Amino acid sequence: MESLLILFGAGLLAGAMNAAAGGGSFVSIPAMVFVGLPSVAANASSTVALLPGTIASAWAWRRDFRPFEGIPLRTMILISLAGGLVGAVLLLVTSQQAFDLLLPWLLLTGTIAFAFGRPLGAALRRRVRIGPGTVLGAQVPLAIYAGYFGGGVGIMMMAVWSLLGDTDIRSMSAARTILVSAANAVAVLCFAVAGPVRWLETGVMLVAAVIGGYLGASLARRVPGPWLRGFVIAFSVVTTAVFFRRAYG
């Protein structure tokens with residue numbers, strides 16, 4: 001019962017963070033590991049638990065779905081579906097020992113992306129322009145990463161897309177939600193069939209994350225954005241440090 005209460009609290013926080021600023025996986029995966037799940041099962045279960053919130057965000061942005069800079073959104077969705085499947089399969093064939101060593105680096109990658117993705121994208125945009133073909137090519141590894149782990153992948157996508165030039169932030173935000181949802185959804189199907197998901201723990205966190213997402217949306221309207229991002233970054237830095245110590249200490 002104590003473990004389920006921990007997961008419920010973590011789900012509330014993860015859902016609220018995703019709705020307000022992002023970074024919910026920095027809570028959900030460590031919480032799953034903390035209550036005793038192997039890291040591969042924790043990663044897969046976290047993806048399942050947070051998927052409804054991701055899909056809800058995509059639905060909320062549905063009026064803003066449109067091609068940007070000549071790239072059909074349908075093409076990007078297909079790439080994300082394929083990449084998410086590849087990423088999920090790669091996770092399933094990764095040994096537990098290897099993933100324990102890899103997880104801190106994945107958390108670090110997500111933390112760096114969350115902390116510096118936007119300013120780095122803005123700085124590069126002043127110096128670099130890329131074409132639609134490059135964006136399509138970049139979407140392949142991003143989608144694979146989303147299916148494998150996914151922390152900070154939405155920020156990574158938007159940073160790449162911003163290099164196209166004058167791309168509307170609303171259309172990029174909308175595209176981010178549907179493409180992350182696509183990659184995660186196919187990964188969830190793969191995990192459900194292959195069996196690493198712990199359904200009791202996942203169900204508790206899923207319900208809590210939905211509630212937390214609703215509360216987080218209200219919080220985001222009241223708390224300044226930089227404060228929310230600062231909290232997520234600080235939390236993810238601490239979490240990453242703990243997992244480095246766990247793996248290599």
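Just so it is clear, glycine is given a Cβ too, placed from its N, Cα and C backbone atoms.
Feature annotations, courtesy of TrEMBL:
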{"type": "TRANSMEM", "residues": "39-61", "note": "transmembrane segment"}
{"type": "TRANSMEM", "residues": "73-95", "note": "transmembrane segment"}
{"type": "TRANSMEM", "residues": "101-121", "note": "transmembrane segment"}
{"type": "TRANSMEM", "residues": "142-164", "note": "transmembrane segment"}
{"type": "TRANSMEM", "residues": "176-195", "note": "transmembrane segment"}
{"type": "TRANSMEM", "residues": "202-220", "note": "transmembrane segment"}
{"type": "TRANSMEM", "residues": "226-244", "note": "transmembrane segment"}
The transmembrane segment (226-244) touching the transmembrane segment (39-61) per 3+ Cβ pairs under 8 Å rule: no
Long-range environment of the transmembrane segment (202-220) - Cβ separation under 8 angstroms, sequence gap at least 6: 4, 7-21, 24, 28, 31-32, 45-46, 48-50, 52-53, 56, 228
Touch test for the transmembrane segment (176-195) and the transmembrane segment (101-121), at least 3 Cβ pairs under 8 Å: no
The transmembrane segment (73-95) in contact with the transmembrane segment (142-164), cutoff 8 A, at least 3 CB pairs, sep 6+: yes
